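These notes concern the structure reproduced below.
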Amino acid sequence: MNQSQSGLKKELKTRHMTMISIAGVIGAGLFVGSGSVIHSTGPGAVVSYALAGLLVIFIMRMLGEMSAVNPTSGSFSQYAHDAIGPWAGFTIGWLYWFFWVIVIAIEAIAGAGIIQYWFHDIPLWLTSLILTIVLTLTNVYSVKSFGEFEYWFSLIKVVTIIAFLIVGFAFIFGFAPGSEPVGFSNLTGKGGFFPEGISSVLLGIVVVIFSFMGTEIVAIAAGETSNPIESVTKATRSVVWRIIVFYVGSIAIVVALLPWNSANILESPFVAVLEHIGVPAAAQIMNFIVLTAVLSCLNSGLYTTSRMLYSLAERNEAPRRFMKLSKKGVPVQAIVAGTFFSYIAVVMNYFSPDTVFLFLVNSSGAIALLVYLVIAVSQLKMRKKLEKTNPEALKIKMWLFPFLTYLTIIAICGILVSMAFIDSMRDELLLTGVITGIVLISYLVFRKRKVSEKAAANPVTQQQPDILP
């Protein structure tokens, strides 16, 4: 572990880490966003989620391997710095920070919109501000308070999914009182299992892969737990059943109980199922659950941005002020920085929703894939090095190395290329490329400045300054 990590308090318990890892899987994308995938893919959406989930399982296994060797709040940014080069750590760290800053704004706006469902007269901007401030204070107080909030947010989501699965299976097989078995006729009765063709399933993977962003947060949190190797190992090994049960299982229930082309599935598949089986106030219940998912994501976003900025500051790749810790070991200035820029994005949504805010949202669109790609490449290089120098440090190992690592890299590159041919995603890919280019240029400026400072500090060696890699 990096020595500088000693400043962060190790207050996250195993139960916190377990729920943080679960929270990363269950988000609003499952409760709401899955409807568009089902509507465009049909029952084959189950395959889309399974294949995308498999890719994320591979990524998490690789990240778990590296985290068990070096559990740090910098996580994959630090690993990229060590394995690929400082430019990679700098670039992916700042891109990831930017991604979550925008996510915080999106979730604050989404949460405010849900609350307006019950309280119509409260302005959207005010509710967004209140939600952001409350969860900012939670994160500022201590890492333990972040963990507690995330624990209960996650518990609500887990209980909801488990209840949904139990009730769904009961209606499918006719175990529910007064019900007839629904069976699996809806899986093939409306044009077959792949009514829109295999190509729609592959397209679905491109859309679905973004729903899993957040699973990697547990590796960032590893730097603040007393037993990081055990926590990361458990989280990494359990990601398989979490994705299968929560995502694939839930989508299978939806397409089994309702025809895939039902209009109400597009709006909210979970509400559609609950209304279909006669659950009273289904919309109200799901609004509360989605609000919980949104607040969980907002809470995680505030935590994640602060720790990534803290890690960048440790490596002198961000202002050193973001390394300052409170008495409880919290990087307060790093948290406030994420909150500040996120609320600027909220203001942009109020004044310029179709230009500035849309640009910010689209420009962060493909960053998730870049993060996954960097994780895979870092693991490929680090694993080869560790096998030669310190093989006993490998407490967790990626399966079938290096074959599955190469396969994952190829799959991610394939998804990035396919985005260029999908009208609804082309802008996201292009704008993410623009933002990535800006960050890379910033690194070159940063490197040049560091070289100049080093030369000024060592005038004897000015003629042959050491160039950073």
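Placement of Cβ uses the backbone N, Cα and C atoms for every residue, glycine included.
For 1-17 (among others), the entry in Swiss-Prot reads topological domain 'Cytoplasmic', with the evidence type a curator's inference.
Look at Swiss-Prot and you will find 61-94 (among others) tagged as topological domain 'Cytoplasmic'. Sorting each residue of the topological domain 'Cytoplasmic' (61-94) by its DSSP state yields 27 helix, 0 strand, 7 coil.
For 138-157 (among others), the entry in Swiss-Prot reads topological domain 'Cytoplasmic'. Note on the topological domain 'Cytoplasmic' (138-157): mean pLDDT across this stretch is 92.
The topological domain 'Extracellular' annotation in Swiss-Prot covers 179-200 (among others) and rests on a curator's inference. Outside the topological domain 'Extracellular' (179-200) by six or more residues, the chain places 40-44, 170-173, 255-261, 277 with a CB less than 8 A from a CB of the stretch.
Across the topological domain 'Cytoplasmic' (222-242), the DSSP tally of helix, strand and coil residues reads 18 helix, 1 strand, 2 coil. Per Swiss-Prot, topological domain 'Cytoplasmic' is recorded for 222-242 (among others).
Per Swiss-Prot, topological domain 'Extracellular' is recorded for 264-269 (among others), and the stated evidence type is a curator's inference. Residues 31-32, 34-36, 38-39, 254, 258, 275, 283, 286 of the same chain lie 6 or more positions beyond the ends of the topological domain 'Extracellular' (264-269) yet place their CB under 8 Å from a CB of it.
In the topological domain 'Cytoplasmic' (291-328), the DSSP tally of helix, strand and coil residues is 28 helix, 0 strand, 10 coil. Annotation comment: Swiss-Prot describes 291-328 (among others) as topological domain 'Cytoplasmic', evidence class a curator's inference.
The topological domain 'Extracellular' annotation in Swiss-Prot covers 350-355 (among others), and the record cites a curator's inference as its basis. Within the chain, the topological domain 'Extracellular' (350-355) has long-range Cβ neighbours (under 8 A, six or more residues past its boundaries) at 124-125.
When DSSP labels each residue, the topological domain 'Cytoplasmic' (377-401) comes out as 16 helix, 0 strand, 9 coil, counted as helix, strand and coil in that order. Per Swiss-Prot, the feature topological domain 'Cytoplasmic' maps to 377-401 (among others).
Sequence annotations record features per position, and here Swiss-Prot assigns topological domain 'Cytoplasmic' to 447-469 (among others).
What Swiss-Prot records for 18-38 (among others) is transmembrane segment, and it gives sequence analysis as the kind of evidence. Counting residues 6+ beyond its ends, the transmembrane segment (18-38) has Cβ neighbours under 8 Å at 12, 45, 48-49, 107, 110, 147, 150-151, 153-155, 157-158, 161, 204, 207-208, 210-212, 214-218, 221, 231, 234-235, 238-239, 242-243, 246-247, 250-251, 254-255, 260, 265-270, 272, 286, 289-290, 293-294, 296-297, 300 in the same chain.
If one looks beyond the transmembrane segment (40-60) by at least 6 residues along the same chain, the residues whose Cβ comes under 8 Å of a Cβ in the stretch are 34, 186-188, 190-196, 198, 200-205, 207-209, 211-212, 215-216, 235-236, 239-240, 243-244, 247-248, 251-252, 255, 260-261, 372, 375-376, 398-399, 404-405, 407-408, 411-412. Feature annotation from Swiss-Prot assigns transmembrane segment to 40-60 (among others); the stated evidence is sequence analysis.
The annotation transmembrane segment is assigned in Swiss-Prot to 95-115 (among others) on the grounds of sequence analysis.
Annotation comment: Swiss-Prot describes 117-137 (among others) as transmembrane segment. Within its own chain, the transmembrane segment (117-137) is flanked in space by residues 104-105, 108-109, 111, 149, 287, 295, 298-299, 302, 335-336, 339, 342-343, 346-347, 350, which lie at least six positions past its ends and keep a Cβ under 8 Å from the stretch.
Per Swiss-Prot, the feature transmembrane segment maps to 158-178 (among others).
Annotation source Swiss-Prot lists transmembrane segment at 201-221 (among others), citing sequence analysis. Residues 12, 16-17, 20-21, 23-25, 27, 29-30, 33-34, 36-37, 40-41, 44-45, 47-49, 51-53, 55-56, 59-60, 63-64, 66-67, 71, 73-76, 99, 147, 194, 231-232, 235, 239, 243, 247, 297, 300, 303-304, 307-308, 365, 368-369, 371, 375, 415, 418-419, 422, 425 of the same chain, all 6+ positions outside the transmembrane segment (201-221), place their C-beta atoms under 8 angstroms from a C-beta of that stretch.
Counting only same-chain residues 6+ beyond the ends of the transmembrane segment (95-115), those with a CB under 8 A from a CB of the stretch are 28, 76-77, 122, 124-129, 131-132, 213, 287, 290-291, 294-295, 297-298, 301-302, 304-305, 308-309, 312, 338-339, 341-343, 345-346, 349, 357, 360-361, 364, 367-368, 370-371, 435-436, 439. Between the transmembrane segment (158-178) and the transmembrane segment (356-376), fewer than three CB pairs separated by 6 or more residues in sequence fall under 8 Å, so the two stretches do not touch.
Against the transmembrane segment (243-263), the recorded stretches 270-290, 356-376, 402-422, 426-446 differ in Cβ pairs under 8 Å, and the greatest number is found for 270-290.
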